[in-house]
Amino acid sequence: MDANDCHDPPKYWTIHGLPDRAEDCNRTWHFNVTEIKDLMSDMRHYWPDVLHSSLNRTQFWKHEWEKHGTCAATLEALNSQKKYFGKAIELYQHVDLNGCLMKAGIKPSSSYYKMTAIKEALTRFYGVTPKIQCLPPEEREKAQTIGQIEFCFTKELQLVNCTALEGGSNPVKAHLKLGTSELSVCNDTLPTYYPSEVQDRK
């Protein structure tokens, strides 16, 4: 995304959301920030809204609740706003992606990584294969840029291979548009850039 559009981007992996596969959604259940007031410190840290100004940093959470939380609430473990956001933070802390990558020696760098090395490190650490998404190379560039790492869970909230869920009746769509570029599943053969901070992609 354009660096100018991003407010105070953290230098660590954060939560995008806790998507669902449910079709039974209660779209009339509106987001109420007071229900998660005791999660606010963790929410700001682990699930920051970098696209809205500091005056209205709950827009992202509202969007995620209304799109996914109202559907995920069919599970008892996620059947309130506090449970939905609290469980997402708990899963994030359990997965500890930042720590895993550091232990594997994969850290932001100006040099490139092999995508297969990143995948192998994550699979070895977690015992499951996550879905890694990248921004495609810019014009006259050779490297893709890592943009999102998606972990998949069963309805019992146990880690599962993301590839095992593909082809299901209602696969999770994690199609995210960043500026003019779109995230897509990373290409195993392209060099992969893992930037230390948001780059201005023009």
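In case you wondered, yes, glycine gets a Cβ from its N, Cα and C as well.
Automatic, uncurated: that is what TrEMBL annotation is.
Pulled from TrEMBL:
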- His16: active site (ACT_SITE)
- Glu64: active site (ACT_SITE)
- His68: active site (ACT_SITE)
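In sequence order, Gly17, Leu18, Pro19, Asp20 are the residues of the chain that are 6 or more apart from His68 (active site) and have a CB within less than 8 Å of its CB. The local packing around His16 (active site), expressed as other Cβ atoms within 10 Å of its Cβ over all shown chains, amounts to 15. When Cβ atoms from all protein chains are considered, those within 10 Å of Glu64 (active site) total 22, not counting its own. Here His16 (active site) is positioned 8 angstrom away from Glu64 (active site), judged by their C-alpha atoms.
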